[in-house]
Every structure is written in structure tokens, then in C-alpha cells.
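Read through the structure below, which is laid out as C-alpha cells, and then see the notes.
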Amino acid sequence: MTDIQNKNYIIALDQGTTSSRAIIFDRDANVVCTAQREFAQHYPQAGWVEHDPMEIFATQSAVMVEALAQAGLHHDQVAAIGITNQRETTVVWDKNTGRPIYNAIVWQCRRSTEICQQLKRDGLEDYIRETTGLVTDPYFSGTKLKWILDNVEGSRERARNGELLFGTIDSWLIWKFTGGKTHVTDYTNASRTMLFNIHTLEWDAKMLEVLDIPREMLPEVKSSSEIYGRTKSGIAIGGIAGDQQAALFGQMCVEPGQAKNTYGTGCFLLMNTGDKAVKSQHGMLTTIACGPSGEVAYALEGAVFNGGSTVQWLRDELKIINDAHDTEYFAGKVKDSNGVYLVPAFTGLGAPYWDPYARGALFGLTRGVRVDHIIRAALESIAYQTRDVLDAMQQDSGERLKALRVDGGAVANNFLMQFQADILGTQVERPQMRETTALGAAYLAGLACGFWGSLEELRGKAVIEREFEPQLAEAEKEGLYAGWKKAVSRTRDWEPHDEAK
């Protein structure tokens, strides 16, 4: 480890759903340089989404080379690589040629819906929830992998003979970067496959049997922070975490009760529950996160379907704003929403309601309502939905929320951040560093190779740019929230369907 002093940089590879990025960090965890390339999305049928794994690897290697060149660095100056990735996306490749036998099936792809329905008919929902922490949904890797083995001729037999390998995107990239020497994944990615027992920390024999998946094709599961292998040019690969778990670590949410919300198109909330794998009563996922040194910790995860997309709707469909950034100005022009609530259930409601038949609605309209009130109500809806999820997580875990760390595009909106603190009655902390996902991967790699000595050293680098303190009186806060709950109840079960009462 002696030469680590001469290596002053860490590279984070952030392999996302639409682009591959490389971000170089220095010893102070500042961004030195970033490179990014988009790649093609393939939609062979309605509801199907695929990526070309070779293109993912090509763009990911290209941006790494590009970032080094841009920063004027040689690979000898890099201490380690950390990888963070779009989760659940499924790749199967030939061990000898290193080529995929089918395109990657992406997390958004719904083609394995029928396989999930069969699992439900077979009464496996409770077993899946207990063992893997997940709901029975095409979102997760297991049913995607079964689909490939069912539909690519001879593939199951070849997998049994040890000729084919399965991996999520992290595994695929590491296999390619190490020239086929290393077939691994980490606990956070394994916990998204629906094939992994999150309590024993082993591949689950019953799930493999039910989905008819040969054990031979699965990667070895390791911690999120250790040296897994080296690239052909000799750089150590030292950190792996799925994107949401990497963001949780990048935000330094390593103690029970610490939570982060990523405000994107939807919102992704994760709350650390320490060494307790909490079974949710509210439809949250129980998932594996990173403990203080990349070891296994548990978290609850909940998703809000419509966050930033609600603001896009104001802009693109209603055309009442020109730019998402304008919402802060309009929301601040009025003292409140004038009794208006917008429930953005455009695609149903996610956690904790799980109602696919709910539809969006505006409530409380009177003649005094102006566009400003509607814009304000749209921003408020993002904060209300976040509270819905965090209240459920606190009930499930028995942990009190200490503070909410935030990242993602919408955190630049000061009105939204202040209202979020107000409606939660909890401090909201916005970090200076917005690249929290890549930072998490860099931290994990840096800890593995001794680039950074300890968690305490990293905590010193987590600069909070602004803290938003709650300013609403308790009675006012609860009055507003009661109005939201009433509005949500009126949107439920709107769309006609077979199971309707």
C-alpha cells in the first residue's frame, strides 16, 4: 500500500439508465473533472426496454479515458475505481467470448409481468417479501433472467454447463474491465435481484429452483468496499454500490434513522435501519445498504412516482410556466396555496398507498384561485408525498428521523426545501456536493484502498451548503397535512377496473 501516497485521485464510474459517466475526485473529495456519453435505448415492443451491454461497456471505458485525458492524468495516478450503477438491469453473457447472448433487460422493462403473476398465483408473494425484502414485480432482476433463459434457445443448458454468466451492470463492467478474471457483485446489487436471501446473505436455493436458474451462472457476492480485481492497465477496482445505496453513502447516512431523498422525475427515499432488516407494513422495500465501512447494513426504500414530473406537466401540458426554475418565484408570490391541493397521481400512487387505479386531481378550487396557487400546490405535493413515505418508514422502523439529506435536480428550489422542512417538522440538509451518487462510489473505493483513512475523515468532507429549519407551528403543519390526506383519499380507486367494488 506504500505507493498510495503518490496516487492522488479516485475515479467513480456512474453507469446510469441513459448515460455512462466518469467523475474524477481528488483527496478533498472535490470533482476534478467529469465526462459523459449517452447510449441508445431500445424499445422492441410496448413496455419493453433494452440496452446493448457492449455499448454500455464501450461508453463507460470511453468516458474513463476521456476524463483522464481532460484532467491531464495518467492511470498510474489513480488509487482506485468505484462503480455505481442503474440497479436491477440484467445481463447474460458467454464466459468464453465475453459477448452477451441477449440485450440487457432494463429495470423499467415490464416483459416479465406474466412470470410475476404466476409467482403470485403459486402463493409465493409472502416468501419473496420475507426472504428477499422485495415485492413481486417485473422491476427486479430474477424474472428478467428467467425470461432470457426461457426465450434464448439452449441457454439454460449452457448455463448449467458453466458456459454462461449472469450479472447486474456492476458485474458485467467488472468482468469486462478485468478481462474476464473477476465475476462478482456486491450485497446492495444482489439484494435487488429477487434471488438473494437478505438475512443469510446468500443466493436463495428456493428462488433459484422456482425460477429455474442455474446456480453456476451467478456471481460471487462481496462487500461494497474491497479490492475485487484490477483493470488491464492495473488500476484497482475497490467499490461497488447500486445508485440509490451509493447516494445514501455519499450523503453519509450510515447511522440508523438517517435518510436521504433524491428528487428526480420521481423521488427515491432510503432510510438506514442499521443492523435491523425491518419488514415494512406499508409496502416499502427492505434492502441492503452500506454500513460505515461498506459492510452490510439495512435500509427501507420507498419511491414517489411523480416528483419533478409534476413540474414538467405544468410546463409541457398546462403551459403555465416556461421553465421549472420559475416555480420558486411564482410559489413565493402567494402566502399559501389558498386551500388548493394537487394530487399528481398521473400513473397511480406509489408508496405507501400502492393504488394503480388512483388518478390525479386538483381540489379546493374557488374563484379566488390563481395560477400562482396551482404552481405552489404542485411543489407542495412533492413535499407531502415525501412525508407520506417518511412517516411510514418511521412507523415501520421505530426510528425517529434525525434529519433529511437531499439531492437531485429539484433541491435547487429553496421554496420546496423550506416547505419540505416545514411539513416534516424536521431539518432538511442540502449538501454543497450535488454528485452524491458518484461520491458514494468514490468513498467506498477510497476506503478499500486506504486512500481515505476512516469514516471520520470522510464526514469532515461532507459540507452542508444550507440547512432548512422547520418554521410552521405544529397546529398549522398538521392542518395542512390533514387536508392533503383528505385530497389523496378522494383520488383513490378512480379508474374503472375488474377488481372494483
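Indices start at 1 and increase along the chain as displayed.
Every residue, even glycine, has its Cβ placed from backbone N, Cα and C.
Record check, Swiss-Prot: glycerol site residues include Arg87, Glu88, Asp243, Gln244, and the candidate from Tyr43, Tyr127, Tyr139, Tyr298 also listed there is Tyr139. Residues Thr17, Thr18, Ser19, Thr265, Gly308, Gln312 are recorded by Swiss-Prot as ATP binders, and the candidate that the same record lists for that site, out of Gly162, Gly167, Gly409, is Gly409. Neighbour list (Gly308 (ATP binding site), Cβ cut-off 8 Å, at least 6 residues apart, same chain): Tyr263, Gly264, Thr265, Gly266, Ala324, Ile382, Gly408, Gly409, Ala410. Across the residues annotated as binding ADP (Thr17, Arg21, Thr265, Gly308, Gly409, Asn413), the widest Cα-Cα separation comes to 25 Å.
Residue density at Gln312 (ATP binding site): 14 other Cβ atoms are found within 10 A of its Cβ, drawing on all protein chains shown. Cβ atoms within 8 Å of the centroid of the Cβ atoms of Arg87, Glu88, Tyr139, Asp243, Gln244 (the glycerol site) belong to the same-chain residues Gln86, Trp107, Arg192, Gly242, site residues excluded.
Secondary structure at Ser19 (ATP binding site), taken from DSSP and collapsed to helix, strand or coil, is strand. In the structure as shown, the Cβ atom of Thr265 (ATP binding site) sits within 10 Å of 16 other Cβ atoms. Among the binding-site residues Thr17, Thr18, Gln312, the residue whose Cα lies closest in space to that of Tyr139 (sn-glycerol 3-phosphate binding site) is Thr17.
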